[in-house]
């Protein structure tokens, strides 16, 4: 058994000693069977949160109303959840009621896909009542029980299906895909923030092109911000080697193939309810990518953009023009030769210039500092205080 499971076995043993069941469940078991890297392990148990808290001294309530707590063991946190059954989902997002139960099979039955409904005991023995191993062997994404019921319960499961398609390359089982196409309209009830999490994961999968194609074929894109009525752009997007791009770079390429100006791009990203930090990074790179499409980077522009943004913009330029994607070493060399790489490295500051000019601060000061920066970057001026002072004096005489 892999060390990541072994480290959590004391939790299972302690629950069993107290008379409860406990098993590894979910993505960790699935990824073990597939042979993928396992990020963390989840445990399901017949013990209620109150019963678990009586057994373990170090716990954190993270979703106790749904039966989930964190158990802290040797510096690591493990998510442990009580077996539960869920009632109807009147809002297509959350169960109206969660009921704690004592039977593992009933807990596994509420899960989304058969490959995620496999449990494993501390000895590595598998409990697989819904043929999850068979689905993995057949490289198939199949819902547990009725596909329509699973999608009625939580419409986000349809996006999860396509996300798993992107990550694993598995096929959607025929009945599952038919139900997805029939129930896709239910995605209108799902919070945009939840859709964004799944869409970002979809964009990063090794099989993202296949998933993006299914996104259109199923009409799911009509229920995502910015993507509805953008079939032409989506068709163009999948022609590019997306595997060579980061998530940030893919978002920028998405804006470009949708032919959005900066104002439209900002509105579109706001519809996704992205964080202001992510929006700022995407829009900044989009701006520099647009500039790169018309003009190669020079010393002054790479200074203004910064190296990482310049490298990303250059990669996007290569991808967009269907060129061979190569790391732009020439930009690294150009950047390394800059006399300064930020305004903080200037030998003078605004106070120095105010003192020399005997003027009050104003917009002129920022403009003048920019001229000093440019002169230093172009090699017309040395970055030392006396040279800058003399240069400013001569510049003012012009």
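In case you wondered, yes, glycine gets a Cβ from its N, Cα and C as well.
Since we're looking at a predicted model, the values are computed, not measured.
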Same-site CTP binder from 102, 111, given that TrEMBL records 27, 30, 154, 157, 160, 163: 111
Cβ-based isolation winner (fewest other Cβ atoms within 10 Å) among the binding-site residues 40, 42, 154: 40
Those residues of the chain, 6+ apart, with a Cβ under 8 Å from that of residue 30 (CTP binding site): 115, 116, 118, 132, 136
Around the Cβ of residue 160 (CTP binding site), the count of other Cβ atoms that are within 10 Å: 19
Taking residues 27, 30, 111, 154, 157, 160, 163, which bind ATP in the record, the widest Cα spacing (Å, whole number): 21
Structural state census, the domain 'tRNA nucleotidyltransferase/poly(A) polymerase RNA and SrmB- binding' (169-227) (DSSP three-state): 43 helix, 2 strand, 14 coil
Conformational class of residue 42 (Mg(2+) binding site) under the three-state DSSP mapping: strand
